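Listed in Swiss-Prot for this protein:
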type	residues	note
TOPO_DOM	2-17	topological domain 'Cytoplasmic'
DOMAIN	14-217	domain 'Cytochrome b561'
TRANSMEM	18-38	transmembrane segment
TOPO_DOM	39-46	topological domain 'Lumenal'
TRANSMEM	47-67	transmembrane segment
BINDING	H48, H120	heme b 1 binding site
TOPO_DOM	68-85	topological domain 'Cytoplasmic'
TRANSMEM	86-106	transmembrane segment
TOPO_DOM	107-122	topological domain 'Lumenal'
TRANSMEM	123-143	transmembrane segment
TOPO_DOM	144-162	topological domain 'Cytoplasmic'
TRANSMEM	163-183	transmembrane segment
TRANSMEM	187-207	transmembrane segment
TOPO_DOM	208-222	topological domain 'Cytoplasmic'
Amino acid sequence: MALSVETESHIYRALRTASGAAAHLVALGFTIFVAVLARPGSSLFSWHPVLMSLAFSFLMTEALLMFSPESSLLRSLSRKVRARCHWVLQLLALLCALLGLGLVILHKEQLGKAHLTTRHGQAGLLAVLWAGLQCSGGMGLLYPKLLPRWPLAKLKLYHATSGLVGYLLGSASLLLGMFSLWFTATVTGGAWYLAVLCPILTSLVIMNQVSNAYLYRKRIQP
C-alpha cells in the first residue's frame, strides 16, 4: 500500500528531526572526546586539536543548524535573531581556528619542523582561510546596504553555497587529522572508526539541510 504524500512528509520531517538531533550530540560528543584525549594544557600542541574540533565540529555545526526548521535550538526566535546568533558562532569558530592554527605553527617552530607538509595541515589552512572569507561575506547579509548593487537573493545563494564548501573543508581537515600519528597512536580499533564517522555524519546532515532547504528550492524556482 502506497503511503500518502502527507504521511511521507511526516516521515521525512521526523527523519530530519532525528538526524539534526544526532548532529547536535555527535558534534558535542566528538569535541569532548578530543578534549579528553588531548588534555589541554599538558603541552602547547594539546590546544591545537581541542580548538580545531571546537571550531569545525561544534561551533560551526551549531551555527549552520541554527537555520534548521526541525532541529535549531533557537527555532522559536525570528530569523533575524538566528542570523545574528549564526554570525556570532561563526566568528567564535574562526577565532578558535585561528588560535589553533597559530599554536600549532608555534609548536612546529619550537621543534624546528616544516609547516604544511601534510594533507591535514594544508586542508586545515584552507579551511581557516575560507572561514575568514565566509565571515566577511556574511557582513553583506547582516548589513545589505554595504552591497547595494547585489540582489539579496543572490547573496544568500552564494553565501549558502560557500558556507557549505567551507564546512566540508573543515570536516575534511578533522577527518585527515584522525590519520595523524598523534591520533592513531592513542585511538585504535572500533573507537577510531567511530571517531571517523563523526565528521562524516555531521557533514551529511548539513549537506542535506542546505541543499534541501535552500539550494534545491532555488533550483526549482522558475
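For all residues, glycine too, the Cβ spot is worked out from N, Cα and C.
Since this is a predicted model, take the numbers as computed values, not measurements.
H48 (heme b 1 binding site) falls within a helix when secondary structure is assigned with DSSP. With a cut-off of 8 Å between CB atoms and residues at least 6 apart in sequence, the same chain places A38, G100, L103, V104, H107 near H48 (heme b 1 binding site), listed in sequence order. For the transmembrane segment (18-38), the list of distant contacts is 46-50, 53-54, 57-58, 61-62, 65, 68, 70-73, 183, 186-187, 195, 198-199, 201-202, 204-206, 208-209: same-chain residues at least six beyond its ends, Cβ to Cβ under 8 Å. Per-class residue totals from DSSP over the topological domain 'Lumenal' (107-122), listed helix then strand then coil: 9 helix, 0 strand, 7 coil. Same-chain residues at least 6 positions away in sequence with a Cβ under 8 Å from that of H120 (heme b 1 binding site) are, in sequence order, S173, L176, G177, F179, S180. Listed by sequence, the residues of this chain that lie at least six past the ends of the transmembrane segment (47-67) yet keep a Cβ under 8 A from its Cβ atoms are 20, 23-24, 27-28, 30-31, 34-35, 37-38, 40-41, 73-74, 79, 82, 85-86, 89-90, 92-94, 96-97, 99-101, 103-104, 107, 124, 127, 131, 163, 167, 170-171, 173-174, 177, 182-183, 198-199, 202, 205-206, 209-210, 213.
Sequence-distant neighbours of the topological domain 'Lumenal' (39-46) (same chain, 6+ residues past either end, Cβ-Cβ under 8 Å): 103-104, 106-107, 110, 182.
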